[in-house]
């Protein structure tokens, strides 16, 4: 609690003093201050919120001589405004009225009940169904000389309770953040660690929050253990410091304990296949190069029936395990699902999964005591459906360890289900304040209060009949409204028959309204019964939430099993629908893909040409040549994607596939600059190449696309040659090396482990047809002009390019220029041409009649125009011959 000096309150109203105390505790956070049916913001917060949310900024009076600027949002619509602010990286403190206005002296008591930040979201309205939200803290470890030796990371998915730790090299921070993708990053005040731009909203917290000893103890307390040896975290001092800051911050935002954070996983970078930011981007795993969500590998694979499954699938794609054991277990389960008997078919299983609620996030809200009535009814209905789901699984678990494990984990917590069934109404209201949440029969007192409220109608009918008989007033009516409560209405002409015990309540133009002692007694009982029923229901609901807390571990176990089952079923559906096969694994060096296909591209086109890809101990680098648009990049990407899919545990788009160990996948594909970072296209290219050359191992898969094209021809060729040699001689990795430098096709003569392959194409007139087939050997032509023509480059430009190309080819032939490219003939053909140097030189300039013919569009010619053109062409030919041209 921040203490303000008395001078800070001088001249302020009591309510403003209350607000200023609260704001002082949340200086960098927007404070939503509850006033009646609105959340109000004041002063600078009001100005900022008005700008960000397009709210009306008002001004009401002054406090201590300062105009009070205000902006507000309705309490019933607050979630949509919170969602917008969080998306912008803002944090919001929700300040509620906790006192009773009727009994309060001075301002109603208020306090901040929670702080909504980008990394601590749990409300369904604020969360994306298919994306996890992580809060991450980072703590740098230093040696005795003050040099940074590692960075400890701790990250938490508050919605599920998943907590993870890792320690990384300082230069691996960007890669780690790209993999985790935190929504919010906690760093210490004064820390100099450079967080990559766009990595997440950055929150500075006091440096003492990262104290290692305190963090270790806080982590032990959270996990209810004496030490961290059992988790393998006892030596991760920097990560423990980060975990301490993270847990302190997360608990403060929620205003309570994190009861569902009861497990810890330590991640090791050698546990997963390494994917740096460039690789994740270039392979378009979960986001296209244009920044859209589709078409990507994730969008193709995600046919999950639950949101839990969709989130787990995303996690698997970004965390492919290096060990093939996990992949083989998953593929074994997929095979069992595909071979399931008719009564437990894959379709029937997936149909049952579609009825499953988001148990993972409901459990998180339950642990934070923020679960809503329909969360509990959804949890109840899901648990009730588990026995039938397990029956389907039990019919197909044979020889599938993963399914056996899932089946065992899906045993519903019986006591939890009994409590939910007895306590929660079949179809509860959305909010507890609306009533109708607690089931009838759960609490006798609540049932009695409800009976009083619900039986008002019959009592009024009976009273009206009795009073008509007693008074003889046939048109007497007993009614109710919110302003005056219950009353007996008598028309003006019948008032002389009114008994003495009638007391006037309201006079109208044509009638009088009365109340009797009996009606007054009932009114007090009925109105208080409704209020008491809502209060009783609120108390009972809070009791149910408390009673459910012991079942959180069981709920988390069920959620994890359901998510895994859903992903496996989605993999099986994709394998069946898209004709994919189960890959195999070997401990030997090599990759064998027969008739492989790019999974995403294949789904976008009518026909896809499948291709083989083979690596081994004697074949480590493939030099890929061929025309632009011929399919080189697609072939390279599909090889990497098929490998990644295999290690994730999916079937793959191929006739067959076998993989040896893979530790990392690198890509250097495409051209893009980094203007904000002050890096040119070529600098970006070289930076990515440097990372590959420094880190690739014999078990790495490397994709190099047209390296060296961002500088002069000779510089680029020299770099490409040297990089290819280094990858072969030093790194020894699997390499797909696409290039337009024909000189590189001589590399296999020096290194037998290199091989040439090319993407074929055929000319058709002045056009080109891409065959997209990968063949052994180098290409002999680039077809650059034909591709330019396909792209719509104007015909005059194409003609000029052809003329200059002919000139360059002639110059190259006569001067024996060492600079060659794919416009040139292959070496053997070039040698034959040089042997014929005594032959008459061929003019580089085309015949004028041919030029004229190329400009003709026959469809636009009339018969007379065609005849005139024929004479013109004859004149051109004769004139050309007369000038002595051959």
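Using the three backbone atoms N, Cα and C, a Cβ is placed for every residue, glycine included.
Keep in mind it's a predicted model, so treat the numbers as computed, not measured.
Taken from Swiss-Prot as is:
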BINDING   626, 627, 628, 629, 630, 631, 632, 633  ATP binding site
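Under DSSP, residue 632 (ATP binding site) is assigned to a helix (H, G or I) in the three-state scheme. The ATP site is set by 626, 627, 628, 629, 630, 631, 632, 633; from the centre of their CB atoms, other residues of the chain with a CB within 8 Å are 759, 761, 770. Ranking the binding-site residues 626, 627, 630, 631 by how many Cβ atoms sit within 10 Å of each one's Cβ puts 626 at the top. On its own chain, residue 633 (ATP binding site) has 669, 670, 705, 738 as residues at least 6 apart in sequence with a Cβ closer than 8 Å to its own Cβ. For residue 628 (ATP binding site), other Cβ atoms within 10 Å of its Cβ number 20.
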